[in-house]
């Protein structure tokens with residue numbers, strides 16, 4: 001887990017460097033209520049060309065939908081246990097709440113809500129882990145492990161620790177201030193790492209108390225106090241909610257940027273050239289409607305397909321997690337960032353602002369190869385799984 005965290009931290013810092021460099025190059029000016037976000041698709045297209053933009057678009061869209069499906073499906077399962085509302089309806093309701101928050105409240109209101117949810121989640125986690133330790137669930141660094149089981153866990157570890165979809169939004173939100181962005185990335189990444197390491201120690205300790213393979217959460221819920229199960233379910237719901245906010249916000253901004261680029265391809269000066277005047281007026285009216293409802297269209301594109309799949313496909317969480325963590329996240333946030341940084345080096349070798357990258361070529365090569373190895377390992381794991 002620590003190796004995966006360090007790998008993802010390097011990748012996130014690379015994304016930040018590339019994004020801020022492109023912001024300076026394009027001289028983007030953020031306004032208070034309308035942040036200009038340079039998506040990872042634009043970053044890949046600017047540095048790697050059309051093929052990079054296409055690869056980033058396909059991978060990001062697939063990642064966004066699989067992540068949304070996973071979060072919506074899991075939230076439905078949790079709410080079903082809490083309030084006995086059907087999982088499909090619960091998932092739609094939970095996702096719709098955050099959809100309205102982002103659509104109506106905007107980035108700053110969403111940030112404030114996310115801070116409150118994160119604080120509550122950490123408080124609940126600490127309380128649960130204290131109860132688990134009191135109940136005898138603490139393995140620390142003791143016990144034995146099986147390193148042969150590690151490869152199958154990597155997609156889940158990456159899925160749990162990834163935050164890179166927020167990097168473009170963070171760069172815009174903090175105005176391209178590299179010092180503040182780097183500090184935010186480092187400190188923000190440490191929180192889930194420490195929480196998950198501590199929870200792993202607790203989970204291993206709980207599992208050691210059982211003679212058979214069993215979910216540590218089930219063992220924790222057997223504690224003779226009814227509040228434990230509610231605390232565990234509430235913590236799980238908060239964890240899903242904070243993850244959903246980041247994914248949905250970045251996915252929404254991605255579609256909004258693509259719709260803006262699409263609108264710019266059809267300037268109003270071209271519309272009067274339409275031979276049939278009513279058609280020209282209709283197209284002009286459509287363009288005006290499109291501009292006014294761009295945010296609504298982007299949010300609909302981001303949410304609707306994921307809600308449909310999560311509410312109709314049973315047990316979509318596990319499959320979506322494996323696909324997102326094993327392939328989409330590793331390609332998008334593992335392979336592409338060092339490739340973009342390398343391409344930027346080759347194109348702007350004489351630019352003094354890019355000198356920081358020049359000393360990091362071995363690092364770029366190392367993290368890129370590590371990401372490729374993860375993808376290859378996942379392919380082999382899936383081949384063996386299908387073969388059996």
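Even glycines carry a Cβ here, placed using N, Cα and C.
Marked as transmembrane segment by TrEMBL: 6-22, 51-72, 78-104, 116-140, 152-173, 185-208, 228-252, 296-317, 323-343, 363-380.
Among residues of the same chain six or more beyond the transmembrane segment (152-173), those with a C-beta under 8 A of the stretch's C-beta atoms are 1, 4-5, 8, 11-12, 15-16, 19-20, 23, 28, 30, 35-40, 43, 63-64, 67, 70, 107, 111, 181, 184-185, 188-189, 192-193, 196, 246-247, 249-251, 253, 321-322, 324-326, 329-330, 332-333, 374, 377-378, 381.
Counting residues 6+ beyond its ends, the transmembrane segment (6-22) has Cβ neighbours under 8 Å at 38, 40, 42-43, 46-47, 158, 161-164, 167-168, 170-171, 176, 178, 181-182, 185-186, 189, 333-334, 337-338, 340-341, 344, 353-354, 356-357, 363-364, 367, 370-371 in the same chain. Within the chain, the transmembrane segment (363-380) has long-range Cβ neighbours (under 8 A, six or more residues past its boundaries) at 7, 10-11, 14, 151, 154-155, 158, 326-327, 330-331, 334-335, 337-339, 341-342, 357.
Long-range contacts of the transmembrane segment (51-72) within the same chain, counting only residues at least 6 positions beyond its ends with a Cβ under 8 Å from a Cβ of the stretch, are 39-45, 91-92, 94-95, 159, 165, 240, 243-244, 247-248, 250-251, 254, 302-303, 305-307, 309-311, 313, 316-317, 320-321, 323-324, 328-329, 331-332, 336, 339-340, 343.
Below 8 angstroms of C-beta separation, residues 64, 67-68, 71-72, 74-75, 78-79, 81-82, 94-95, 98-99, 101-102, 107, 110, 113-114, 117-118, 120-121, 124-125, 127-128, 131, 163, 165-166, 168-169, 217, 220-221, 295, 298-299, 302-303 of the same chain, each at least six residues beyond the ends of the transmembrane segment (228-252), sit close to that stretch.
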